[in-house]
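Here the structure comes first, spelled out in structure tokens, and everything after it is commentary.
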Amino acid sequence: MYNKQFKNGIYLAIAIWLLDMLCLYLAGRFSCNDYVYWGAVIIPTIAVVTITYLQNHDLKDLGFYPKHLKQDGIVMCCVLVIELLIGFYLFHMSWEYAIHRWLYYIFWIALQEELVYRGFIQSHLFLPRINRKASYLIGAAMFAASHIPYQMQIRPWDALFTVQICITFLWHLAYCWIIEKRDNICIPLAIHVATDFLGVI
């Protein structure tokens, strides 16, 4: 999945990152307004899907490459169901709350971030003049920084938040390593939901 090099890739990656940062800032600034919050979250996803198709590419370039997709898709679904059951039985969530939060973290957090950051931005950072390892580090820094505009408006910047930003940086590298091996975002998506839904950080 990360074997292609896209024309003007670095500029598109930066543009989408800045758009996402702006949308996340607006989501935090107007978090009490559901229309602004939900709209801000979905705009970057719509943008990357649109650009992908305008480039005459398809969803496989956003993380759904056919190789291992069936096997990893089955594993992902099983893991997601296990996470829901853990939330209900071990974390003692009500079914209504658990399902609501589970779906929220799948479709509005994890899927969006996997498509935008691992699917689009990271894949557009690979250029001949940029070392491959440096491309991953740049992508990790962009992903970690993307959590600042929203979080800084709803919580203080304390030591815990600094640690979480650093962990987010490492998670990006881990997700990309899995994608390098499996050529799709299924397993990273399942892990991503676990870290958010079950608070495994």
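FYI, residue positions are counted from 1 along the chain as it appears here.
Cβ coordinates are placed from backbone N, Cα and C, and glycine is handled just like the others.
Straight from TrEMBL, the features:
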| type | residues | note |
| --- | --- | --- |
| TRANSMEM | 9-29 | transmembrane segment |
| TRANSMEM | 35-54 | transmembrane segment |
| TRANSMEM | 74-91 | transmembrane segment |
| DOMAIN | 99-198 | domain 'CAAX prenyl protease 2/Lysostaphin resistance protein A-like' |
| TRANSMEM | 103-121 | transmembrane segment |
| TRANSMEM | 159-178 | transmembrane segment |
Checklist outcome for this item: With the greatest number of Cβ pairs under 8 Å to the transmembrane segment (35-54), the stretch among 74-91, 103-121, 159-178 is 103-121
Checklist entry - What parts of the chain pack near the transmembrane segment (74-91), using Cβ distances under 8 Å and only residues at least 6 beyond its ends? => result 98-99, 101-102, 106, 186-187, 189-191, 193-194, 197-198
Checklist entry - Taking DSSP states H, G and I as helix and E and B as strand, how many residues of the domain 'CAAX prenyl protease 2/Lysostaphin resistance protein A-like' (99-198) are helix, strand and coil? => result 80 helix, 1 strand, 19 coil
